[in-house]
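Participant: Mind having a look at this structure? Questions to follow.
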Amino acid sequence: MHAVHAKSLVVGYAKEKHSAEYPDLRKHNNCMASHLTPAIYAKLVDKTTPNGYSLDQAIQTGVDNPGHPFIKTVGMVAGDEESYEVFADLLDPVIKERHNGYDPQIMTHPTDLDSSKLTSGNFDERYVLSSRVRTGRSIRGLSLPPACTRAERREVERVVVDALAGLKGDLAGTYYSLTHMTDQEQQQLIDDHFLFDKPVSPLLTCSGMARDWPDARGIWHNNTKTFLIWINEEDHTRVISMEKGGNMKRVFDRFCTGLKEVERLIQEKGWEFMWNERLGYILTCPSNLGTGLRAGVHVNLPKLSKDPRFAKILDNLRLQKRGTGGVDTAAVGSTFDISNLDRLGQSEVIRNTYCREPTEMADIHR
């Protein structure tokens, strides 16, 4: 009887402790806050990944940032590949909401980098100022930026830079470490939309991604600055193809060719990218799972942007708008960064539906 009574006291204390630790989410508007119940919190709060990453670490950015002025954010991040399994009771419903009903429990994600299947993608340059396609990739076996050690972050840099040295032809280029860059050089790359700035967004800083800045961060780009790779910003790598004007077809061709070559070189060095059938490519933010692909244009729509139906039109086309300076910036005048909202459950090539949507917006604009 005494043993049973003692066990009941322990269980009761644990429940009381979990209840006392549950975050106050009453004023929050992000996906994590929509799905984190006291019961799920109690179930997961004492669990950690093999690397020691906890639920409280994963949700801290969403606790500290109740909402965002421009978009509904996810509100949590992964510290490693295993986070998506250990915290699946919370992450799966978050993923389902963010990715338009995609259910990781019963669905699988396709991948297709055959750019010859792209059937459209030449936009009216009276409206489209520039085009870019980007994705992220993570090195299996190393923690993601919210949780990585200094040694892991430096290993990511070493592995990726070593592999990129093997790129040839139009893809050949140079790596520039932020540590060795002058302030003037860095600012010029930022102003030209080639380089990420030091994270000042609370969404990133509260996740732990800005630790030790700028240690082991940098940018690699080819000689024409049309194929770029960011190292150790929000993800281990961000792979970007971009150019001025509206030729998204050429941008996507370069993206597919370059990304496949980068993966081949990484594998030659004995490493691989994080990937599984349920979630596709694994990245820090659940919003970037699957293809991780964001196909975007900087587009000027002086008439349509003033139409009260503009937001609804974008929503119907499954598009997201932001300022040209990134997710935390408002649009300046009538120029926007417009991109696809969905990334999980559809292959890279199927996303060529996106390549018709700026044309549709231009038609509406006229």
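Placed from the backbone N, Cα and C atoms, the Cβ positions cover glycine too.
As annotated by TrEMBL, domain 'Phosphagen kinase N-terminal' applies to 14-100. Positions annotated as domain 'Phosphagen kinase C-terminal' by TrEMBL: 127-366. Taken from TrEMBL, the feature ATP binding site covers 130-134, HIS193, ARG238, 294-298, 322-327.
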Participant: According to DSSP, does VAL133 (ATP binding site) sit in a helix, a strand, or coil?
Facilitator: strand
Participant: Among the binding-site residues listed here, VAL133, ARG238, whose Cβ has the fewest other Cβ atoms inside 10 Å?
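Facilitator: Comparing Cβ neighbours within 10 Å for the binding-site residues VAL133, ARG238, ARG238 has the fewest.
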Participant: Is it possible to get the count of other C-beta atoms within 10 angstroms of the C-beta of SER130 (ATP binding site)?
Facilitator: 18
Participant: Suppose we draw a 10 Å sphere around the Cβ of ARG322 (ATP binding site). How many other Cβ atoms does it contain, all chains included?
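Facilitator: So the number of other Cβ atoms within 10 Å of ARG322 (ATP binding site) is 18.
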Participant: Using DSSP, how many residues of the domain 'Phosphagen kinase N-terminal' (14-100) fall into helix, strand and coil, respectively?
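Facilitator: Counts, helix then strand then coil: 45 helix, 2 strand, 40 coil.
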